[in-house]
Amino acid sequence: MAASSLKQRSQFLFVFVLAIFFLSHPVNSDDEAEHLLQDLNDFRTSVNLPAFTKNKNAHCVAKKIVDEMDDDDHPCTNPSSSSSGNKGTRLSDYPRAVSKCHIDTNTTSGAVVLPVCVANLVPTLVLTNFTRTHFSRYINDSSFTGIGISSEDDWIVVVLASNTQSGSLASGASSHGLSYYVVFLLLGFVARLNLV
Ligand SMILES: *[C@@H]1O[C@H](CO)[C@@H](O)[C@H](O)[C@H]1NC(C)=O
Ligand SMILES: *[C@@H]1O[C@H](CO)[C@@H](O)[C@H](O)[C@H]1NC(C)=O
Ligand SMILES: *[C@@H]1O[C@H](CO)[C@@H](O)[C@H](O)[C@H]1NC(C)=O
C-alpha cells in the first residue's frame with residue numbers, strides 16, 4: 001500500500017512537472033523576439049501595412065531553424081554577409097524544421113525565412129538588418145501577414161507566412177498529436193486528484 005502510494009505520488013509529480021513544462025513553454029517567449037515584433041510592426045504601420053500577427057507554426061519553425069543553427073555552430077563571423085548568409089530564404093531549405101513542426105508541406109512554398117546575425121542582437125541593428133537590406137521587400141509586402149520570431153545567441157530568425165494557401169503554414173494531419181497527449185495527461189492528473 002505504502003509502496004503503491006509512493007509510486008502514485010511520483011506519477012503525480014511527473015505529470016505535474018510535464019504539465020507545467022508544456023503550459024509554461026509557449027508563454028516563455030524571448031525578449032529579443034518580442035522587441036523585434038514590436039519594431040517590425042511599427043515599421044509596417046509607418047508604411048501603411050497591417051501589423052503582422054503571430055503565427056504559431058511560423059514560430060515553431062523559426063525556433064527549430066535557430067536551434068539548428070546553434071547546433072551546427074553556424075558561424076556568425078562576417079557581419080556584412082550575415083543577412084545574405086549561406087542559408088536561403090526559402091522554407092523548403094529547412095525540411096527538418098517543417099517536418100518537426102508538422103506543417104503541411106503544401107503550404108510552405110510561399111513562406112519565407114529571414115535569418116539575421118548581429119553580435120549581442122543590438123535592437124537597432126537587428127531592425128535595420130530587416131528593414132534596410134534586401135529583406136525589406138518581404139517586410140514591406142502586404143501578402144505576408146503572419147510572423148514567427150525566435151532567437152538564440154547572436155541569431156534571430158523571422159519566418160513570414162503569407163495570406164495565400166501556398167504560404168499559409170497550415171498544420172498537417174498529425175500536428176495535434178502533442179496537444180491531445182498533453183490534454184490526456186492533464187485529464188489523468190485531474191482524475192487522480194479526485195481519487196485522493
Ligand atoms: C499535397 O499536395 C499533393 C499533390 O498536390 C497531394 O497529393 C497531397 O495530398 C497534399 N497533401 C496534403 C496534406 O494536403
Ligand atoms: C546588420 O548587422 C550588422 C552586424 O551584424 C551590422 O554591421 C550592419 O550594419 C547591419 N546592417 C544594416 C543595414 O543594418
Ligand atoms: C514599400 O513598397 C512600396 C510599393 O510596394 C514602395 O512604394 C515603398 O517605397 C516601399 N517602402 C519601403 C520603406 O521600402
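In case you wondered, yes, glycine gets a Cβ from its N, Cα and C as well.
Some features that TrEMBL has for this protein:
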- 1-29: signal peptide (SIGNAL)
- 34-160: domain 'Uncharacterized GPI-anchored protein At5g19230-like' (DOMAIN)
- 71-90: region 'Disordered' (REGION)
- 77-89: compositional bias 'Polar residues' (COMPBIAS)
- 178-195: transmembrane segment (TRANSMEM)
Per DSSP, what is the residue tally for the domain 'Uncharacterized GPI-anchored protein At5g19230-like' (34-160) in helix, strand and coil?
60 helix, 25 strand, 42 coil
Which whole-number mean pLDDT does the model give the domain 'Uncharacterized GPI-anchored protein At5g19230-like' (34-160)?
90
